[in-house]
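Novice: Below is a structure I'd like to ask you about.
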Amino acid sequence: MANNTRSLFFLLITLTLVSLPPYHEFAFDFFKLVQQWPPTFCKLHRCPRPIIKTFTIHGLWPDNYTTFLDSCTGNSFHMFKNTAFVQNLTVRWPNLDYYSNNRRFWSHEWEKHGTCSENLYPQEAYFNLTMQLYDRLNLLEVFAKSNISPGASGNQLLSRLNNSLVAYTGKIPDFKCRPGPSTTTLIIEVVTCYNSSGTAIDCPVSQLSNSCKTQSLTGISSFETHYPTQGLQMSR
Amino acid sequence: MASGNFPEDVVREILLMLPVKSLLRCKSACKSWYTLITKPSFKSAHFNSNATLKRSHCILVKRVLPEHVPPTESVLSFFNDKINGDDHVPPTEIIIPHFNHFLQMVGPCNGIVCLTDHRDIFLCNPSIRDFKVLPAPSFNYPHGLFSRTLGVGFGFDTHSSEYKVIRIAELYEDDDGDYMFHSVNVEIYDLSTDSWREIYAIVPYVWYFPSSELLFNGHFHWWADDEDHGGESMLSFHISTEIFQQIRLPDVCAFPDGNERAFLVLNESIALLLFNPSQQTYLDLWLMTEYGIADSWTKQFTIGPLVQIEQPLLFWKHELLLEKFNGQLVSYNLKSQALKEFQMYGAQESLRAVAYSESLVSIKGGSDIN
């Protein structure tokens, strides 16, 4: 009889544990808001036309000062029912790749990154926070204040962009690049960092990307626009 | 069949003069004709015969129909010889299912074209509606490396008599969401074995634009970094010997210089067009007058201004075929400088054109387009 009670006791414990919400083993220290530049992305992937000419959201990546976080245990993505919400997301966080779609993109971002901050931000709150942080930082406007516009290129471009962003936010950002034609370097993403409440902080210096450090002699970075530049009056 | 009254070599000479369409029907006429027509020696003699060369040289245009959104199929259209003739005669068309907007068309080679979006690769002979999907390369790259196609090439090795497809790919690490270049790989597909192999070659980074991938003179060409001198070059690959070489582009090419480039063929030389797609497009034409010699690049003349040109497509006799912003096919006459518009449209940027001769050559392991 005592054995049966003990077994029952253990069974009850197990059932209780199983019915609890998922346990989050990874604590995240800060967020990385990753914005992407579609003209560069679309040189590397196939994108339906027309190509968007503003920065769009790639994702909000919770991270750690010591280890890289991803694919944390958490709830699966469920598609949003509110059409207004979906509309807002579509404008700011569109899928760019011909071979994918919005739902698949958001689902991938949630399961790879959103789950790592789910203890503080369940799915809807996570996507909401991302949109808020994105709306607070219009990169093209910030760069325009320093007279940098799409199509710009040159040896100093990266430091100009960096200085421009630091001047605006007061915090250290990160830039990501990909090789471009003729040993140029194309800017593809801009990263800004925030604490878990959404306040802007420096991106950790030890984790800054190396992809923009050009190895070529010319060192030309380029903030490319998509070719051809349709409708632009170019004088000969 | 009355062929018993004619010696076989006479029958053969007659059949060699017929177009592909007729020959496909003749194949079913009787067993001796079937045997005759399906011989590889007959097919190659037919392709090279004077009758074929005179008759069947035409323009093959690939496009996605503009009303298809999202696009699910491509259309291949044959323009007959005289493009100054009737526009309202609809060209012969073939619909290729499953293909998408971004298909590049390279070749042709003995009537076979290679179609690719750098993800999937297809070989197709539209004359006989034969096509084949190439198997994906299945290499075990070192752990943690991803591959991305930079360029695809296609051609015929005259020494081994086989078709090859070349894939140039970058290998890179995706280190916590951060890209790090690793190396450039070269992989070759042999149609005869239906399989891929790697070759060890030091090649520069290759970059794609529409009409950057060019088959010419037994070599395949891509646009590449000139890593020794800085600047730009054509990377050339000899199909038979599988040796790479680089040919520098003229110094006027200094990316990013606001111009687009196009590699085409004009009068049996490689032509480079530098142009700025806009309301008023000018195209500077350079010719590589001696193949392989960078110093032989010579500027010929400037075409334009032309209104709203998206890209040049093909030199055809005295015409330059182009695509306009609205996806319309047009042609510019190099002699009269007149611009002619065709009633042919594709989704923007989806147009490609090659000079094409029909052939009976079937792709080994290929199947009929339904």
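A Cβ is built for glycine as well, from the same backbone N, Cα and C atoms used for every other residue.
In case it's useful when we look at the structure, here is the feature table from TrEMBL:
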type	residues	note
ACT_SITE	A:H58	active site
ACT_SITE	A:E109	active site
ACT_SITE	A:H113	active site
SIGNAL	A:1-27	signal peptide
Novice: Reported as an integer number of Å, what is the Cα distance between A:H113 (active site) and A:H58 (active site)?
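Specialist: Here the two Cα atoms are 11 Å apart.
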Novice: Just to verify a number: CA distance, A:H58 (active site) to A:E109 (active site), in angstrom, no decimals.
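Specialist: On Cα coordinates alone, these residues lie 8 Å apart.
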Novice: Going by DSSP, is A:H113 (active site) part of a helix, a strand, or coil?
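Specialist: It is coil.
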Novice: 10 Å Cβ neighbour count around A:E109 (active site)?
Specialist: 21
